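> Let me give you the structure first, and then I'll get to my questions.
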Amino acid sequence: MADTAIFDKKKSHRAKHAGRKAEKKKKKNQVDQSNLSARQRNPKAFAIQSVVRAERQFRRKEDVIAKKQHIPQVDKTPLEPPPIVVAIVGPPRVGKTTLINNLIKSFIKTNVTNTNGPITIVTSKKRRITLIECNNDINSMIDIAKCADLVLLLCDASFGFEMEIFEFLNICQVHGMPKVMGVLTHLDMIKNAKKLKMTKKTLKHRFWTEVYQGAKLFYLSGIIHGEYLRNEIKNLSRFISVMKFRALSWRTSHAYILADRMEDITSQDNIRKDPKVSRDIVLYGYVRGVPLMKDSMVHVAGVGDIKISDLSYLPDPCPLPSSERKRHLMERERQIYAPFSGVGGIVYDKDAVYIELKGSHSHKTEDEETNEKKTLLKNVVDTKETIDEQMKETGFKLFSGGAVIYPDMVKDDEYLKQNKNNDESSAESDVETDSESENDSGIDHTEKLPWDNNFDSENGEDVDADDKDNMSNKNEQSSDEDDQSSDTNEEFGAKWKEKLSERATMAYFDRQKTSKNIMKLIYGDFEVGNKVKDQNNDPSEESEEEIGGLFKRVTNSQKRKQKLKDQLDTDECSYFYALNKPLIKDWTNDANRQILINNFVTGKRSADEDAEELLKLDDASDGDDEMYGDFEDLETGEKHKAKEAENDNEVGLKRKAEPIKSEILDKKMKLKAKFDAEYDNPDDHRIKGDHSYYENLKAEALKQSELNKSVFENLDEGLRVEVEGFRSGLYVRMLFKGMPSEFVTNFDASYPILIGSLNMAEQNIGFVSCKVKKHRWYKRILKTNDPLIISLGWRRFQTLPIYSKIEDDLKCRYLKYTPEHVTCNMHFYGPVTPQNTGFLALQTVTNSSTEIKQLGFRIAATGSVNEINKSTQIMKKLKLVGTPLKIYKKTAFVKDMFTSTLEVAKFEGARIKTVSGIRGQIKKALNKPEGAFRATFEDKIQMSDIVFCRTWFKVDVTKFYAPVVNLLLPLGNKNAWLGMKTKGQLKRENNIRNEANTDSMYTEIVRQPKVFKPLVIPKQLQKGLPYKLKPKNNRISTTNKKGKHEGRIAVVKSQYEQKVSKVMKMVRTNYNKKKKDQRVAAQERTSKFKRQQEEDEWRKLKRQKELKKKICRQLSKMSSKKKPQM
């Protein structure tokens, strides 16, 4: 049985591990890894090997991300932004003009011979740039730094960075740093390759130090045929085309314009009469920054503050490439606009068209079109009479074959004059007949008003027809009267009374139609829907039929449209009604009054907007009973209880049902999904930082910018300009009246004309407090009340600053000079500017080489505005000095501190102090001497002490404000503006030496020795003292020479004794002289002997040396002989 069981057992299936089927199955079960990332295919390879290294990598990555982040700003750039201002800055002769010409040729394939002023070119479909060259003038550098978006900083590599480059970078740092790109030229002057490489590296790192690490620096290796290498210029132009810009705070709060065109529209007669008359100037340019409002005050840099007389926008002279189809293939869009450089075609002004004629060779290729243009232009130029003079000489015929009518004939017509007199008399009679008329309103009973409810089109047409018949009859009558006017004048007095009420009604309607429109008064005339509003022209005039070439037939549809238009335009007046006229609304009626009530907020404006129903719903939703519940009125004692619920079932329905298990599970799953979304990274399974706050800020800024663009997007252009202002990107025309004539006569296109708008507060002038620091490269220190030229906001002006330092008690202490390497306060009188606005200070703006060599770096100080006050509190320390007159223990009389008793009275109770540090107080004035006072001290003072009183007095800031008007200077001296000179400059120019103040000079102090009184010991005390301490009166002092010989007898010699003593003195003198001579001779002998000994010793040593040399030479020879030869 067991054997059979073994044989009956079936074999288990063994799957194939090799072969075609096995591979097929493997491929079938295998996951497709073609779409998987490397991390998903091999997760172990990307696992964290070291926690510390992973933390470092994560920290570094977050640091890099955080460095790139900046506070998101709302993008205020319009859909068509203004051209980007690219300023080319550098010292003289570094290749600025060549670079501009090459960039223009690279962008638009055009050569420009002259590069004066701004040059606007189209670089791509969505970008234009304005190239402007900066002069080697500190005023131009400041103005360019305030408006430039991108600065190309040129440097001569063979020479290195010059001082002008560092000055311009410092100006940019103060007024808002634009994008700066360095360009190295003259590299072909360096022939050695190794030196060239080292120069590039050195200049690059120095440039990075000044701008920022990694700033872009271009190399222009050389010039071929007057042009830089095409590849290098193309590379530079690509960088300019894709550069992104960040808005600066000052430019996002102010509108500004870089003028690219100037016109003088002053009357030539006025200029001929007075060449110095104030001019009317028109400046053109693109608005930048925020929208520019009409009638706003602006500052023209280099001229001063001035108000815009007229502001309007013009078509863009250099528009972006449009998507519209061209008329023919030869038509090209304008790609360059540079009026100051003489480049441009036809320029459209508000009241003129400027045509640029071709060169001298244009006559060779003339066609019909050019000939026609020439004739038109010639007719315009040859015109010598005005339009008014031509109109006086022209006449016209009303009918064919009739007489020609001239303007003089119409003026001299007697009938017209008489009719005018009749109108005046009728106006007087109207006043008299107002009280007599039965109907005060003056409306005709047969006439229908356009605002009546029962007014329909049919009735309106009938009324129109009747009105026209009446008017035609009236015209016929008036024409008949004209014929008979010369014969009978009595008929006029009778006919003016006819239909008086009708004429009054029609006059009222005319006045109502021509009433002032509030919208028109505020915003002026504007275009609505690209159609100019014109009352005289109707759209229906095109289809009107002419009758006999003189009259036109009006159709019914046109009459209906005109009537509806009049009905809408006419103002409704509730006073013109009559009780006997059913067609006119009676506003005393309740039904009509209800119409007026419903027009108010509390009325029923429509079926779904009833104010009463809405108020009831609001009261019902308040739920006052549930809010307050039970309460007791404490004054009356009443108890108020909340209303109980009527139905418990309703309360049960409101109560929430208990949650089911499935709902709780769903809630938990949602929370888990939210948690996983926040903390898991299913995409690439990498650890990421939390950047949600920054992303939210960016999203808010983006949302706000989109909202700003969409608000005025659908408005009409004229209305949008009136409401929003002239937005950034519009090309505007500004008229300035009263401009100085020097601006035109001394105009130089190479100097930039920067026009900056002023906010309301910036138009005032007051005291400005600033925080300032002297520049460490400036050689001199700044002195208080020395004139200083300050560039603040759009302005450049000269003022007299006062420096101060804030003490611990918040008092501004007066400083005579600026401290070294420390900030201090500066107060000056100038234009009020917002806080934190940067400024820079210069002592001179002249470009003379001698002053530049003396100064080196011209920027004297930099700082920012702290606060704006109408008044300042700067206190200066003053020490009042006096000397003691009499001293009585701790009381003393002090003189020479004050000059009068009144001054002492003002200072009663003030604290005083001696030089030795003894404090005191002023008590009361003395009668004599004048100005002396009594003072008490904490200790007895000496007569030699000096008493002083520390006081503070206010220092006033000098009200001096002088704008820098360099654009009004002559052509050669625009960089030589001189304002107020310092006292030192005037003395040097006039060779005046400063007189020395004796009090300020350092003199040798000679102090007399203090003489003390002798010590007096009482006799009673002397008795008790030991002998050595008792005073000895007969002791001779060795130190006192005068007291040495006291008590000795004087010896007087006789004549013989005097001769003997004289002889002895002579013998003694001879002996001393002989001894002295012997001593000198002995010294000479000794020195001579020593010199002889030294010479003998030196000879001996020399002989020994020679002997040693001979012995050594012999020994060496002997040793060489003994050696065996190999």
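Glycine residues also receive a Cβ, built from the backbone N, Cα and C atoms like all the rest.
Not measured: the values here are computed from a predicted model.
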> Which range is it, out of 1-44, 353-396, 617-660, that shows up in TrEMBL as region 'Disordered'?
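The listed stretch tagged region 'Disordered' in TrEMBL is 1-44.
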> Given a Cβ distance threshold of under 8 angstroms, which distant residues of the chain, six or more beyond its ends, lie next to the compositional bias 'Basic and acidic residues' (1085-1099)?
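Here no positions qualify.
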> Same-chain Cβ contacts of the compositional bias 'Basic residues' (10-28) under 8 Å, 6 or more residues past its ends?
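Distal contacts: none.
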> Sort the residues of the compositional bias 'Basic residues' (1100-1112) into helix, strand and coil with DSSP and give the three counts.
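Counting residues by DSSP class gives 13 helix, 0 strand, 0 coil.
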> Provide the three-state DSSP residue tally for the compositional bias 'Polar residues' (31-40): helix first, then strand, then coil.
3 helix, 0 strand, 7 coil
> Could you tell me the mean pLDDT the prediction assigns to the domain 'Bms1-type G' (81-246)?
91
